[in-house]
2 protein chains.
Amino acid sequence: MRINEERLRQRMDRINAIAVTEEEGMMRLALSDADREARDLLVSWMEEAGMSVRIDDMGTVYGVMKGTDEKALPICVGSHMDTQPNGGKYDGFFGVMAGLEAILSIKESGLELDSDLILADWTNEEGARFVPPMLASGVNAGVFDPQWVYDREDTEGVRYEDELKRIGYQGEKENRLTKAKAYLEPHIEQGPVLDAKGLSCGIVTGALGITGLDITISGEANHAGTTPMSHRKDALVAAAEAISRIRKNCIDFGEPAVITNGIINAQPASKNIVPGTVYFSIDLRYHTDEGMAELEQQTKDIIQKTCDEFGVSVQIEQYWRAKPAVFNETIVGCVEEAANEKNLPAMRIISGAGHDAVFISEIIPTGMIFVPSIKGMSHCPQENTKWEDLVAGTELTADVLVKLDKETI
Amino acid sequence: MRINEERLRQRMDRINAIAVTEEEGMMRLALSDADREARDLLVSWMEEAGMSVRIDDMGTVYGVMKGTDEKALPICVGSHMDTQPNGGKYDGFFGVMAGLEAILSIKESGLELDSDLILADWTNEEGARFVPPMLASGVNAGVFDPQWVYDREDTEGVRYEDELKRIGYQGEKENRLTKAKAYLEPHIEQGPVLDAKGLSCGIVTGALGITGLDITISGEANHAGTTPMSHRKDALVAAAEAISRIRKNCIDFGEPAVITNGIINAQPASKNIVPGTVYFSIDLRYHTDEGMAELEQQTKDIIQKTCDEFGVSVQIEQYWRAKPAVFNETIVGCVEEAANEKNLPAMRIISGAGHDAVFISEIIPTGMIFVPSIKGMSHCPQENTKWEDLVAGTELTADVLVKLDKETI
């Protein structure tokens, strides 16, 4: 399916010109004035194309292009338009614009689909303004309580619901996306794999589950000069050894397992005092529930054993748990088939990041399309994707929507 | 030499009652009102004993008990009365009070010594209020420039010299201790060795040198989910491996080598971002110059090699260098002989901590006596030494002063 490249480029440039940082990053925080301006433009383009627009109670915007069969379930495509502070031009935003352009191109091609095609712009995917991420899609999937989301505050103490009202995007609960034949989310990879392999497209089969652990090791703070090595209970050397060992274990466990220790600090944090306490975080990801549980247990056991060896004690607490997502095989198959038909260099890939699609997959058959991120950079002004890959991803989105309309799911 | 136990106890209790924290720690910061009150009491006790009192330009207080030989060089004993915030009852303070009690006991015994006996209370040994430590003894030894010390400021921006004037303890440069036959410093060990071995006395042969290094490892910050293990340049896993390896190397290097990584942090310090930069500190100590240089080079080489393996870069900067101190063998011999004569369970030991004696040893033949620290605790309210060990240490101090008077050094 050919798309209107020039329209896609002009519309992306138009919204990406709304709120630009000094480093040429995007600053379209959820429910900000910039977000409102982007929404207003999106709504105007939907209406101009003859789509009917509805807003749900979380502020998610849906544009509906009518199909020919009243009884057919709708097919939804979308992503989010909010950004990180000083974020990139494509994270989320590409999915919304690719979805819009795909729907318009299908209509303009003269093809008539049975299903309604719905374009969705989910509110607050980033979690940059209101924590945690994916608030609107989480409510839509029944994961979050809507009142709890309304009461989320940004760092200034401003409530989600109050901002939703202020920018004029508080709609009705009845408008949520509760039933659909399929949900498809085009997105940038935000990782280095496709770019490093020189591929144009990722056929996303699911998303890694996440286990977050807080590790606190307690030894004995002591004088750096007067305490012989043999008399020490150094919390940091135990932590360092544990970090080395759990990393090796994770690599041996095999891809796509990843482990990250993003935060570490030692107390009392004096150059001439042996650390008595060390805290570090663990972010552990895997693509199956059983594997995740096994990897988590191995990781905990290694830490416990290491601390025993060093004569220090350890507390391990789980601060986060997100189940792996497994996408619908029929939808994944449609993406793969469409990529093959276009001769797009592609591979099956598992998403390491969270996406609205992860929550939506709990209630609606879901799939995703990845386009490459140059050097894997994201959440920064350097985030980039070749224009031809964005065009190919948009065309692929249109092709997949047409296939999904014909497919039984 | 028998001492007046009751007088020693009462005087220690009197000064230790001046500024007590909620946790029963000492709060006698250098040149504070509490320090002035302690100095005023010390001066009154010196004068009461017939000692002449002089103050030098750094605020160090000297009490002189005249000897019989005008031509004999004086013998000095002392330590410091300032404490850490919420510090212990004996660190430094024991040495001053043991010196005073020893001098009084010698006089009261009827013994007449050739040399003048001088008691010194060095200003700002702790470095807790004015950084770095051992400012007055450092000026006395020619290590620090006096004007630079005068301009040191505490965290409130108050200058050393202004506080010295305010509490009325700014004396004359001419009063510094420039020439003496010997300097002896009794002190608590501040380490666990004597207590663990059940000994009453440490015959201190010198002090460890210190090399302080700042290590900054730079890799690449990346998304914790989307970056496969094989694509990472994780600064923290390189740091963790380096910390493990340099510790093993230090243990293999052999006692008394010690290595401490007191501070560590990772940037950007987010649980779901692979650390792009990690800083950690190294405090490395050894008792010989050559060994210290060798250990430092080995440590740097291991870090560089580890970082090369992990594909990250590293910057190593030296923030501190203190030469090892080797005490005068005649004085060390006098301490050993006196301990043997008293049947005190004792051992030769190297100080891991810095002391005024370390600087003074650069210009005057120096020795130290350690009394045990229970469980090695220091710089905290739990710092403690058995009363009988304090008494034995004070008696030993008197015995050593008498021996030093007879000895040719």
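Just so you know, glycine gets a Cβ as well, placed from its N, Cα and C.
Automatic prediction, not curation, is the source of TrEMBL annotations.
Among A:ASP69, A:ASP91, the residue that TrEMBL places alongside A:HIS80, A:HIS187 at the Zn(2+) 1 binding site is A:ASP91.
Listed binding-site residues: A:ASP91, A:GLU126. The one with the lowest count of other Cβ atoms within 10 Å of its Cβ is A:GLU126. In this structure, the C-alpha atom of A:GLU126 (Zn(2+) 2 binding site) lies 8 angstrom from that of A:HIS80 (Zn(2+) 1 binding site). Same-chain residues at least 6 positions away in sequence with a Cβ under 8 Å from that of A:HIS80 (Zn(2+) 1 binding site) are, in sequence order, A:GLY92, A:PHE93, A:GLY95, A:VAL96, A:ASP121, A:TRP122, A:THR123, A:ASN124, A:GLU125, A:GLU126, A:ASP356. Shown in sequence order, A:SER79, A:TYR90, A:GLY92, A:PHE93, A:PHE94, A:GLY95, A:GLU125, A:ILE188, A:HIS355 are the same-chain residues outside A:HIS80, A:ASP91, A:HIS187 whose Cβ sits within 8 Å of the Cβ centre of the Zn(2+) 1 site. Listed in sequence order, the residues of the same chain lying 6 or more apart from A:HIS187 (Zn(2+) 1 binding site) and placing their CB within less than 8 Å of its CB are A:SER79, A:ASP91, A:GLY92, A:PHE94, A:GLY95, A:HIS355, A:ALA357, A:MET368, A:ILE369, A:PHE370, A:VAL371. Annotation for A:HIS379 (Zn(2+) 2 binding site): same-chain Cβ neighbours under 8 Å, separated by at least 6 residues, are A:GLN84, A:GLY87, A:GLY88, A:ASP91, A:GLN190. Mean pLDDT for the domain 'Peptidase M20 dimerisation' (A:207-307) in the predicted structure: 96. In sequence order, A:THR83, A:GLN84, A:GLY87, A:GLY88, A:GLY92, A:ALA128, A:GLN190, A:SER378 are the residues of the same chain, not among A:ASP91, A:GLU126, A:HIS379, whose CB sits within 8 A of the CB centroid for the Zn(2+) 2 site.
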